[in-house]
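Novice: Next up is a structure, given as structure tokens.
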């Protein structure tokens, strides 16, 4: 849906002037272009378009305002036209002519004609160009007309559109707020368009009331903006930094100002990995080692024996010096190996890998304390293999990594919540296959010499392509390659390389390389990187990585084959390719594997398989593309290339490459497949045969300009004299038609460019403190959301395109989603932009910009980039590369490439490494080139953007003459101009001489002329004040176009050298303001304003240039018409014309006062020491010299402190020149040498602004009470701070409840028992205080993160309600800070001490700063500033030198700048001393003796210095001549040493004021190595008002751990502060109350001494006053609290990379004051000695391992092993319970474990030698964990491990009462068992489960143990000794074991007895009875006959 408005004309205007129209609908305004010098009719003929999201209501209004435009003053409203849209809604189209009304709603004569059209929802958006409007002759006609007349139309056409520029180009050119972009026709330069005058807000204010009432609420805000300031000055940008980024013009693209390639240049990187511990490793009884691999470097931890959860805490550092691309593709691999030793490499348990880039893209470039998941690459069906906890950080030069503060890490490790994975990656990663399909390649260069080939051809007639390509793919540390296709320029592979890796992979890029197989060594032909983030989307509607099949283009070195290619790196993908190498058709697909599938091959080896071939058409239909170019100017050709004829060649792919494009892809027509051999000859004479014979008179390509000899411009540069004849080039080429991809990218790019431009403006406005930056930002966001919605309507067009790949479809969907949500966010953000949130919101917008740039980058290429080469003598000299998407033509304006049909200024640069460094800064040539690329069928438009006024010169050839593009353009129109360059001054230039200064001059280039300013010697801030006049300039083209699009001016700044040629300093561009002959030279446009242009040197900025440029047309009357060049030709300076009066700034008289304090750390100059230095101050040609220091060694301070000079400075502060500080050394005979210099680029911070005496902070009447006495517990945080003078507000500073509790307790004499056990004072030491403070700091950080959001909302509220009385910004910030402080210090209402949280005992705390103290207190430069003095460069190699390396000393002093005369009130103040001027009350700078006391607490994360990855650190301190090395107290093998030492040094300021604290590594042999050092400037601390000499503690006490350190008591300090700052007070009394100025502080009035006696004291309230000193009116500032600061350690050999951190603080005491007490004792806590007694009573349900030899029964020979510190040190075993058949074992066995324990850190401390070769013992800290294991004893083979449990002595599950209740879940944590700590319980008894993993990696219960743990301190253990095992004293009784515990062969009878007795007893009895029965029976049967006989016979 859209509303279109075509504004035709406005007639019956009065007078003559510039007119501008503003059209508004729904709060969104557009501005028309400015029509200059209109008489009564203004012919706007412009179309505006609103993208409408919801249907238009019939009573909505459209408003058009017409203004008289003024550049200087605000625009004056002529009249307004308002229209209700009812008819438009009904009919869809209305044309109206109507009168306007003026401010008072009266009708005026002026009428306007307008046409409105409403397009409802019919989906045809984006195609309204043609003939949409009545009125204008139809556009089609116009277009034809403009083409045929060859653009020779006069400039008087009714629409002043340039011919062929279709009207829709100007459509939708939104002029958001005072518009920048719709200015595109304003005849003003790019740059001055930035400054639409210094206008005031509109004179339309009165109109606000009668605005129609239809607007909804949300529009009011916008309305205020629109009416409040139409063309508001603030919506204009300022310095031409932004000016350059804007493209206001129609016909010119913006030039790119940064020259040097940054990619490919090696840098320093450091990867640091800390392996802390591993857990849940899979495997039984293993000896794990962790291996860390980065790239090819490997490092191993030590081995830990038989444990599944080893603790290492080892730190590894890898240093690299490579280019970023190579660095970020390196793989970090962490693997765990077990049982590795000297002979065997061990077996891999599992590994984890990610690339360095992933780590670098994390916040802070690091993962801290995260768990890496291990998986086995050889067996992907297995689950996870364990976890390794580590820290990984990657640092580049200058990154400093904020390590979260290392304190005791007690928080229970939540593994699942802290995995080592980037945000958004699911913890359960699955295995996946990555299929990289390689189909074929085209256009390969030849890679062997053609010599042999020609011989072969001559002899055998055999002819081969000279390349044997194959493709290699690198991914996640693995590589796979396809087969080699012998000698083929167009190889066909159809293969796929398959990688198996976890998905999503933690490696961002895949590298695909075409290589040439060679017998000697293979070389890369070209490289392409596939960024997986661009071809996938991890959102919930995302898609897996997919790509193609699509062509990707590869670029690299030039195509001619040489044996040693100097640009080979380019082919490896490092740096920007300088030529097309080949293109490769590839595809990529990912398949997630189902690992449960049994057929799956489980290894992750790379495989290569065949892939199904794809049809040619799947990558798009081949289309003929047409590239046209016209060279309008070639200048600034480097003089090295000036002697031979020069030609420029344009190529696209291999088309157009005549020199070495040999293997050009043939075009896919009916392919006449030539013999491979014909190509070479045919293509060399390309202009003839091959091309023309093809299909009836098809035009040949002309790809290079005719050779031409350059002419001299000046001594450095040449130019080609094209004059009126401009050569053209054109190339036909065939590519798959994938324009849609490029179009979408272009639309997104357009949105991003607009956004970037707007954000630059806003930043510039904030920087220069212009008003209303938030309005500009709202406009930018509005523009962004419109752009996003426009994308949605445009991008959806070609949905059904048949050659679209899956990626195309998915990317489109995700782009549309992203942009839709971005549009939404921009809308909501727009509503939230307020004055005080601009900066935060600006950051959010920067994120939008990054995202847009990311989305615009299309991963599937289509048309290759265009290269422009400068050739001389058939050699390639320099090139430029233009992406083809920027040149692509489209009929829809948003899709048009940003350089298509525009004149682009290109600076050619040297290829590859030659372009690094200073060689890359010199321009090889500057081209003005017009380019157009589109389908051949669209090519009727190809001349549409050229400057008008030419005739085409065609090649006379063939019949179809009209079809030929011109071979050159002959310009018939030419205009004469004069250019005036007003070069006023430059500032902050680069120092090019060794003196640290330069002798700069500027050289101005325009077309083919150049001129120089004069050379000003020895300055970095030259004020040339010179006008350069260029006469007889001939510019070709239509006059009106030149007015809008003049050529750009290049300004180069050089340093003049007496010897040799001038050194290049930097370069900038500008566009002149053009005045046509028929214009008057008068405001608003003329004279032009001076502007700042940023000077670039390579990619770095090198200063600013203040200048203005005007281009004046010379009319028929000759130069007489030009404004006169008035102003004297300066007599002193010869014929040099100064900048004329209207342009140069308005000056007034200022006085600059300089405070000279002293010089420090001056280095030698030319090997001589500096002895008698002096400081010269210079500003705008005036200056002052300090007094001479007579002996620098004895006293480096000046004896005259304040001097001043007067100078004329511009009224406008932004134009203030810099001030130069130079230090010279006065030698004998009046010679002097320059030591170093410093340029203060902005005087703003030194300008004196009289204080606002009405501000509350100046108020000294009335009283404000600050109370500390615990009275009635007020509900917290409810007291309001009112700073009115009239009311006596009470500021309640809450003391946390515990403290109240404690005070009450003290008062009552401890009669009642407190609820919380108070820590015993005697138990507490400084470390208790330190650890408590660290906990507080962590808690505060956490709260800050949590409350960040609330804070923002709160601030918004604060600001809207406003504070009574104008509060200064600083005050406001302070109030917020206070609020925050209160919030963090006292628990809020909900979380007070009522809350059931565990209460912390109240310990006094200090402040732990996680950074240097300086950064917290503004470097202590409150009145004494330090200026670094820099020397110049000594050689060419030093351009990369950091500022640090160039510092030769420091000047201490200050400046004060004010307009004369000085305001009265200052000089009238009491005690005003005129000799000190504005610097009243500064201390004397005579030498002073000071006692410096340095407390070094500890160091963290030191860089390892020894081979074993450790260091032996000790402290070294240097101050002046004192050098303390604490070598004997080195700490062995520690990277986190706790020093806990204090050092006293006596020093004399100022000679000895730089304190260096260094950490060295102790070495037995050789010198000790410096690990890192930190430097502290003590002088600034000593003299600072923040009182950094000795920190103010929180509470005052005279004894105990918190004893007051300062020799002065709080009351004395307070009196002194009041005296020094002339404040009334302190008035003490009544007790517990003190009054300072108008603040009253109340608090406790008594103090307790050591013996518990109470004494009255004033110290508590005095201390309270000091802690709130910043609230004292006028003089208040924050005083430094008692603190510990954390300082980074740096090593000069590795500049910029942190080598660790040091925690310390420094106290200073002047020697003329009473001496301080003894230093605090902060020596490290000694671990406490304990003894742990473990009695193993019984085991039960132990699994049975052995089978009996004879009987096959299951049994186990059980014993229990336990250890505390580690298996080697102190493992203890019970005896063996043999042959347990039930799993029951009885032991009654006691282990004794003595150990040293640090309660604060919950670690056991052990000292042991690392190996037999170690010199001394190393101290280790390990967690307190008791391990119990059960084993099965074997006589001959190794014992079998059955199960184990680890008990963390601080928190382990309480044992079960009986074996039955003891279950496996107790150990795995599934069962919620109460946790106990042995340190609290002292004695624990119970049953615990023992676990092991089965084959499926699951835990199973393998036994239970009954044990008793008893903890005693060493003293208790001595008093009450017990025996080991079952020995005396206090023996345990023998266990009651069955006798069979003896094995059968030791006692066979017994075992037989056992067998018989126990097992077969009943069986034997049964058998015996049965036998007896049988015997009886047998006997019976046996004796029966006899008896029978006897009976019968009666015997």
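Each Cβ is built from the backbone N, Cα and C atoms, and glycine gets one as well.
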Novice: In TrEMBL, which of the ranges 547-601, 602-656, 657-711 has the region 'Disordered' annotation?
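Specialist: Per TrEMBL, the stretch marked region 'Disordered' is 657-711.
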Novice: Of the ranges 1297-1322, 1427-1452, 1453-1478, 1479-1504, which one does TrEMBL flag as region 'Disordered'?
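Specialist: In TrEMBL, residues 1297-1322 carry the label region 'Disordered'.
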Novice: What does DSSP give as the helix, strand and coil breakdown of the domain 'C2' (1462-1591)?
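Specialist: Its residues fall into 17 helix, 53 strand, 60 coil.
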Novice: With pairs closer than 6 in sequence left out, are the domain 'C2' (1462-1591) and the domain 'C2' (1-98) joined by 3 or more CB pairs under 8 Å?
Specialist: no
Novice: Report yes or no: does the domain 'C2' (1462-1591) come within contact of the domain 'C2' (251-372), defined as 3 or more CB pairs under 8 Å with a sequence separation of 6 or more?
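Specialist: Contact confirmed: at least 3 Cβ pairs fall under 8 Å.
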Novice: Quick one: do the domain 'C2' (961-1086) and the domain 'C2' (1712-1863) reach 3+ CB pairs under 8 Å, ignoring pairs fewer than 6 apart in sequence?
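Specialist: With fewer than 3 qualifying Cβ pairs, these stretches do not touch.
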Novice: When you check the domain 'C2' (251-372) against the domain 'C2' (1133-1259), do you get at least 3 Cβ pairs under 8 Å, counting only pairs 6 or more apart in sequence?
Specialist: no
Novice: Is it possible to list how many residues within the domain 'C2' (1-98) are helical, extended or coil according to DSSP?
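Specialist: In the domain 'C2' (1-98), the DSSP-based counts are 6 helix, 60 strand, 32 coil.
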Novice: Work out, from DSSP, the number of helix, strand and coil residues along the domain 'C2' (1133-1259).
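Specialist: Taking each residue of the domain 'C2' (1133-1259) in turn, the totals are 12 helix, 56 strand, 59 coil.
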Novice: Where DSSP helix means H, G or I and strand means E or B, what are the helix, strand and coil counts for the domain 'C2' (251-372)?
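Specialist: Per DSSP, the residues of the domain 'C2' (251-372) fall into 14 helix, 61 strand, 47 coil.
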